[in-house]
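S.K.: Sharing a structure here in structure tokens format.
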Amino acid sequence: MAGALLGALLLLTLFGRSQGKNEELSLYHHLFDNYDPECRPVRRPEDTVTITLKVTLTNLISLNEKEETLTTSVWIGIDWHDYRLNYSKDDFAGVGILRVPSEHVWLPEIVLENNIDGQFGVAYDSNVLVYEGGYVSWLPPAIYRSTCAVEVTYFPFDWQNCSLIFRSQTYNAEEVEFIFAVDDDGNTINKIDIDTAAFTENGEWAIDYCPGMIRRYEGGSTEGPGETDVIYTLIIRRKPLFYVINIIVPCVLISGLVLLAYFLPAQAGGQKCTVSINVLLAQTVFLFLIAQKIPETSLSVPLLGRYLIFVMVVATLIVMNCVIVLNVSLRTPTTHATSPRLRQILLELLPRLLGSSPPPEDPRTASPARRASSVGILLRAEELILKKPRSELVFEGQRHRHGTWTAALCQNLGAAAPEIRCCVDAVNFVAESTRDQEATGEELSDWVRMGKALDNVCFWAALVLFSVGSTLIFLGGYFNQVPDLPYPPCIQP
């Protein structure tokens, strides 16, 4: 008994399913036996088919700056009314939805006008849903690669304005009319819809605004009614953290190394030039990396490229400064003469302004000792010539402190033997040579000090130029924000 009851229930279930399939099949034949998918669903030729459009973004895949290509994954919701597909579910056992292959139904043939890969249509021809009353809905997925003119002026602190332009490839503005869909609250969805639950956030770009608009272009003549475009705009802002960590910070640190060349001695011009040129080479590598990222355009120079060019110019100026300082530091009195004006500026004025004045000279220098030794030699010569003791000579020298003893000494030396005069001449020559060497050494020291003063001035100038220039360049990128447009945010918080 129980087995018979179970068998009866199974038969009823199979019969019900078969009956349901038969009802859908009957509905399909009822609707499509005399249906022509090539004809517009209008009763009169002058009537217009109203197309309701809704674009849902599921993933902003990428923006290729080099190729200026935007890749997006979307769902395109297209709804319209087809009077030829009108039916009542009461006549077909309550079948309220009929799923039909898209090639069996008239389609408005909406394509992406600004695609770049030749794929105008959707990625997958999903089934069309036919509802009671002749309402038709089609929700195909698509992956579009569209053109997007990239503005690289503030790269990597930039934002881009990309568009998705949809148009009916076959029908003009008088044959089909586009309107935006309406949500459950009755609000018009005049923007790209983003389902936060299904949306995958991009790691490089953030979507700020995604408004939509419908624009009708009038034809050039009365016989051409014109076209209608549905334009969705994606205003996206770059997330610069990747470029800050991997390019900007290393570039700033390497560029700052060029200032360390000033901490080398003024005479070490070769080492200073080596440091600066190595920094130049490193900056060239960074500039090459940026050139591989941005599009090949002459319309603008990216912010990061401008910064690299700026620091390369600073490094070049530092190399020139090192050469000039080395040239000044190695000058000698035999090749160059120092003007009093230049000496006053470089040895007195600039060191005092920069706080690098040399320590005051000790009054107890070696000159009096050398002078005393010279006087001692002369007194010894006179003692030998005149056969007088040293005490008497010193006593006489003290009596004639105003120079009378020098005159007497010269008179006595004039009458001395030639050998003694030769010795005195030799001593005078040695003393004169010593004085010349001391003067030359002081002159060389002055040239070195002047080179050091120039080096200090150029260091502070390079430091100020590097700091102010870097700050101004990057502040331009910081203030490059997306303007407050009269659109609601694309993704509601």
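In case you wondered, yes, glycine gets a Cβ from its N, Cα and C as well.
As the structure is a computational prediction, the values presented were derived from the model and not from experiment.
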S.K.: Are Leu299 and Val482, as annotated in Swiss-Prot, on matching sides of the membrane?
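M.R.: Same side, per Swiss-Prot.
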S.K.: Where does Swiss-Prot put N-linked glycosylation site, among Asn86, Asn327?
M.R.: Asn86
S.K.: Of the recorded positions listed here (Cys148, Asn161, Cys162), which is spatially closest to Asn86 (N-linked glycosylation site) when Cα positions are compared?
M.R.: Cys162
S.K.: At the Cα level, what's the spacing in Å between Cys148 (disulfide bond) and Asn161 (N-linked glycosylation site), rounded?
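M.R.: For Cys148 (disulfide bond) versus Asn161 (N-linked glycosylation site), the Cα atoms are 7 Å apart.
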S.K.: Would you kindly list the residues that approach the transmembrane segment (240-264) from elsewhere in its chain, counting only those six or more residues past its ends and only Cβ-Cβ distances under 8 Å?
M.R.: 156-157, 204, 271-273, 275-276, 279, 282-283, 286, 289-290, 304, 307-308, 311, 314-315, 318, 322, 455-456, 458-459, 462-463, 466, 470, 474, 477
S.K.: The topological domain 'Cytoplasmic' (265-272): which same-chain residues, six or more beyond its ends, come within Cβ distance under 8 Å?
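M.R.: That would be 318, 322-323, 325-326, 329-330, 448, 451-452, 454-455.
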S.K.: List, by number or range, the same-chain residues at least 6 past the transmembrane segment (307-328) whose CB is under 8 A from its CB atoms?
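M.R.: 251, 255, 258-259, 261-262, 266-267, 269-270, 272-273, 276-277, 279-280, 283-284, 286-287, 290, 301, 447, 450-452, 454-455, 458, 462, 465-466, 469-470, 473-474.
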S.K.: Have a look around Asn86 (N-linked glycosylation site) and count the other CB atoms within 10 A of its CB, chains all included.
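M.R.: Other Cβ atoms found within 10 Å: 13.
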S.K.: Residues of the same chain, at least six outside the topological domain 'Extracellular' (292-306), with any C-beta under 8 angstroms of its C-beta?
M.R.: 65-68, 150-158, 243, 247-248, 251, 473-474, 476-477
